[in-house]
Amino acid sequence: MSSQIDAVILAGGMARRMGGDDKGLVELNGEAMIKHTIDRIKPQVKEILINANRNQTRYAEFGFKVISDEHTGFLGPLAGMITAMGQTDADYLLVVPCDCPLLPTDLVPRMLAAIKAENAEIAVASDGEYEQPVVLLLKPSLRDSMKAFLEAGERKVDFWYAKHHFVVESFADQPNAFVNVNTPEQKQRLAMEITK
């Protein structure tokens, strides 16, 4: 039986290093950043949720359900994940940030295979050198654990998943897959990468 997989695109942050611009809506080569992310993951999942805490109407124009953090105060990616985990009945939830326009087109199958091979609860993507803590495939049943972690004042995603049985799936074969945009300079470099 094939596993049902939904996705959440995290666009709920403050984007301080982008001068406060809403990263998912910043244009990259004529399209909103989040549109590039959607195009990469849409063929790999059943449903997509967009986690946004501002500009929700703009995000809704992409045709997917927009959800805002249950926990107020811009508490970071865990808050968006918790909200999404409460909105899906899928077997697994893929978590990706809104500013990774070069995500692997084989992200889900490889991460799912890694989970199944190790009978793990979570798969974390890696670029071959570093883990990518906000590129995860996880079981939504872990929501209570994540909620308790956040409500205890913790914020770091990698500290949370370290408490569970997780596997790391390396995408060293796609070195630019997780390049993201935190500054206008990075945006410029990425625009050149996409047009190659």
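Placement of Cβ uses the backbone N, Cα and C atoms for every residue, glycine included.
Residues Leu10, Ala11, Gly12, Lys23, Asn51, Asp99 are recorded by Swiss-Prot as GTP binders, and the candidate that the same record lists for that site, out of Asp69, Asp127, Asp144, is Asp69. In this structure, Asp69 is the one among the binding-site residues Asp69, Asp99 with the smallest number of other Cβ atoms inside 10 Å of its Cβ.
In the three-state DSSP assignment, the secondary structure recorded for Leu10 (GTP binding site) is strand. The DSSP secondary structure for Lys23 (GTP binding site) is helix. Take Leu10, Ala11, Gly12, Lys23, Asn51, Asp69, Asp99, the residues named in the record as contacts for GTP: the widest Cα to Cα gap among them comes to 18 Å. Applying an 8 A CB threshold to same-chain residues 6+ apart, the list for Asn51 (GTP binding site) reads Val8, Ile9, Leu10, Ala11, Gly12, Val66, Ile67, Ser68, Asp69, Gly80, Met81, Thr83, Ala84.
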